[in-house]
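What Swiss-Prot records for this protein:
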{"type": "DOMAIN", "residues": "41-216", "note": "domain 'EngB-type G'"}
{"type": "BINDING", "residues": "49-56, 76-80, 94-97, 161-164, 195-197", "note": "GTP binding site"}
{"type": "BINDING", "residues": "56, 78", "note": "Mg(2+) binding site"}
């Protein structure tokens, strides 16, 4: 059965996203091993992408903070899951970048094992935002991660980055290409979001999408720890 591609967010959903991301957002936990994860609590939305895809820039643009998620000086250097508390209503999880060519095979395998264990076993994980660079062709590592997400049975949504650097006709073609690819993956949410952390294009749309998973305001203080 063909997936139906959802429409853009409503004005009310955009406002929900604005309110959520206007709240405080603070780093509260970093984990290099799967047995060091923080206790489950708030719903989680994780961000995945190749090294240099602009993941840190997107997280900073979403939260309106310049240095919340710091980009590593060497692609793929930071191999840990970083957890951020967003307004006590949602946790944002910055996953280590993948596709780092200089890394040893054993390092890549360790990354995949840790990511699969996190994805498969994290009951509070609501969605993975998979970031792809709109300027370049999909890499084998991107397709590998999509297959990993399918196997882990975790819903993922493709978000294109650096779209301000792509001409409109080429961007439309890229969106169509990625939409077709998403329809082939069981775990893929079929709606693609095009963004630019530089211009803010698509950021309110992505905020609205993520806000769907946050604890509702009236119950945000119930059963949640401060971390």
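For all residues, glycine too, the Cβ spot is worked out from N, Cα and C.
Computed from a predicted structure; not experimentally measured.
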Alpha-carbon spacing, residue 80 (GTP binding site) to residue 56 (Mg(2+) binding site), which is rounded to whole Å: 14
Would you count the other C-beta atoms found within 10 angstroms of the C-beta of residue 56 (Mg(2+) binding site) for me? 22
Could you check what DSSP calls residue 49 (GTP binding site) once collapsed to helix, strand or coil? strand
Quick check on the binding-site residues: of 52, 80, 195, whose CB has the lowest count of neighbouring CB atoms inside 10 Å? 80
Near residue 162 (GTP binding site), which residues of its own chain have a C-beta under 8 A away, given they sit six or more steps off in sequence? 54, 133, 134, 135, 196, 197, 198
Cβ neighbour count (within 10 Å, all chains shown) around residue 55 (GTP binding site): 24
